[in-house]
Amino acid sequence: MTDAHTTGPFIAAIDQGTTSSRCIVFDRDGRIVAVEQKEHEQIFPKPGWVEHDATEIWENVQYVVAGAIEKAGITAADVKAIGITNQRETTLLWDKATGEPVHNAIVWQDTRTDALCKELGRNVGQDRFRRETGLPLASYFAGPKIRWMLDNVEGLRERAERGEILFGTMDSWVIWNLTGGTDGGVHVTDVTNASRTMLMNLRGLEWDPKILSSMQIPAEVLPKIRSSAEVYGTAKGGALDGVPVASALGDQQAALFGQTCFSEGEAKSTYGTGTFMLMNTGHEPVNSYNGLLTTVGYRIGTEKPVYALEGSIAVTGSLVQWMRDQMGLIKSAAEIETLASSVDDNGGAYFVPAFSGLFAPYWRADARGVIAGLTRYVTKAHIARAVLEATAWQTREITDAMTKDSGVELTSLKVDGGMTSNNLLMQTLSDFLDAPVVRPMVAETTCLGAAYAAGLAVGFWPDTAALRANWRRAAEWTPRMDAATRDREYKNWLKAVERTMGWIEDEE
Ligand SMILES: Nc1ncnc2c1ncn2[C@@H]1O[C@H](COP(=O)(O)OP(=O)(O)OP(=O)(O)O)[C@@H](O)[C@H]1O
Ligand SMILES: [Mg+2]
């Protein structure tokens, strides 16, 4: 697959995502040389519960790494560094001596810790740890998931306290295994992933002993917190034996990096399983008063950390998957566009996919999905349209909050991710935001960001300016909707959102 123009050396990026694991080999211009990808099983043991088999995930990672290297027609000697990016917050505990997970990984969308989060809020409520961590108490984050496992897996707390158990998000799990596992694997995480545990102090970038004790999590299980771009260790065995492992970033922060949003006020929105908009806010964390998260954007080596404001939407691409797999209304994700394009509008229907409650800007665990405005007129094509509009309206709610918190008006939005191949969605997004939407040439910004950070760490690229020079626009959509229509539709959307709330009552 190597084309005539591409010569080494290369950087390999591993993206351990929610639905699949990917490995992409990049050249010095940030162009894709080879890709391998493999999906893993989504395990739904009960309503609201979502798990992954971490052993399967590690096998898939090895498979995609070997596949990408083979497709590129290169060897480990051609690869200067490995970058890691990952689905965030998904939580795993494993046995240090055997490398065996003690339980399936609990995925970020899982809501089993709702009651625990309420209890942890005590009399203070959702914002009990917001000042330290930038996050509201919600089932989304890793800390309460660790606590759930310690409370629910027999004998686990004792083993953890004896130092026999390691915790990690998927970055830690992949790095530990890559660097040798039970044979000297390094147990680390980066600042961006650590900032999603609810256990790290945002300013000091260290585990917060007070929060650990409130959540009853023994410090023995925790990895070392490192920068996003630095050499953590060397790959041992496998297709990349001997190559330095030189970056880790949560997938959304990696996309921010891959979109080269290196200046304050620059933002991107990534459309995958969920949708996540991040805005670079510079070297100071900015508090949100409008339902956004404060998070670490990235930290290069020993430089000052860069912070971000984030709007997280739990369900966007996964709603399209749901239409395909659970409803059977389409056969492929791309078909949603064909179906939605067969009608001119939503026919009065609005679909609020509050499947895991509502994330930003509401943070309501008690919400559940609603299709509102149904009449006999509505067809599956209208529902398909409402599905796409749901992604665009949810983005609009986030950009409104972002403008209020940051004081920065949105002049255009950089987008990426699998859903951006949907033209109707991108046009709708531009219409609803009343702003241009631009997509770069390399829409795989998550892997690209991890590659960039790893390349910076080993001197493959000299600085962020060299990376900016690689960013190229591939497509742009501009608004075509009149203001009156937009305002009316937005009002209807907000009415539908109201109807999702309070569905789950306490005793349930
Ligand atoms: N043409 C399309 N129209 C609408 N949605 C689409 C289209 N193509 C893909 N999707 C959706 O985009 C998602 C896949 O995007 P992407 O590959 O960026 O996600 P991902 O990175 O694999 O997710 P994750 O990292 O969470 O595993 C799926 O949820 C899929 O339903
Ligand atoms: Mg992804």
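Each Cβ is built from the backbone N, Cα and C atoms, and glycine gets one as well.
Record features (TrEMBL):
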BINDING   T18, T19, S20, T273, G317, Q321, G418  ATP binding site
BINDING   T18, R88, E89, Y140, D251  sn-glycerol 3-phosphate binding site
BINDING   T18, R22, T273, G317, G418, N422  ADP binding site
BINDING   R88, E89, Y140, D251, Q252  glycerol binding site
DOMAIN    11-258  domain 'Carbohydrate kinase FGGY N-terminal'
DOMAIN    268-457  domain 'Carbohydrate kinase FGGY C-terminal'
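Listed binding-site residues: R22, R88, E89, Q252, T273, Q321. Those with a CB atom under 6 Å from ligand 1: T273, Q321. For ligand 2, the binding-site residues lying close by, meaning a CB under 6 A from one of its atoms, are D251; the full candidate list was S20, Y140, D251. Put simply, of the binding-site residues R22, T273, Q321, G418, N422, the one whose Cα is nearest the Cα of E89 (sn-glycerol 3-phosphate binding site) is T273. Apart from R88, E89, Y140, D251, Q252, the residues listed for glycerol, the same chain places the Cβ atoms of Q87, T90, W108, R196, G250, F276, S312 within 8 Å of the centroid of those Cβ atoms.
In this view, the densest Cβ surroundings among the binding-site residues S20, Q252, T273, Q321 belong to Q252, judged by other Cβ atoms lying within 10 Å.
The separation of T18 (ATP binding site) from D251 (sn-glycerol 3-phosphate binding site), Cα to Cα, is 10 Å. Pairwise Cα distances among T18, R22, T273, G317, G418, N422, the recorded ADP-binding residues, top out at 21 Å. In the structure as shown, the Cβ atom of E89 (sn-glycerol 3-phosphate binding site) sits within 10 Å of 25 other Cβ atoms. In sequence order, E39, H40, Q42, G272, T273, Q321 are the residues of the chain that are 6 or more apart from T19 (ATP binding site) and have a CB within less than 8 Å of its CB. Cβ atoms within 8 Å of the centroid of the Cβ atoms of T18, R88, E89, Y140, D251 (the sn-glycerol 3-phosphate site) belong to the same-chain residues N86, Q87, T90, V107, W108, R196, G250, Q252, G274, site residues excluded. According to DSSP, Q321 (ATP binding site) sits within a helical segment. Summarising the environment of G317 (ATP binding site), the number of other Cβ atoms within 10 Å of its Cβ, over all protein chains shown, is 21. Cβ-based neighbour count (10 Å, all protein chains) for T18 (ATP binding site) stands at 22. The Cβ of N422 (ADP binding site) lies under 8 Å from the Cβ of A334, I336, E337, L388, each on the same chain and at least six residues away in sequence.
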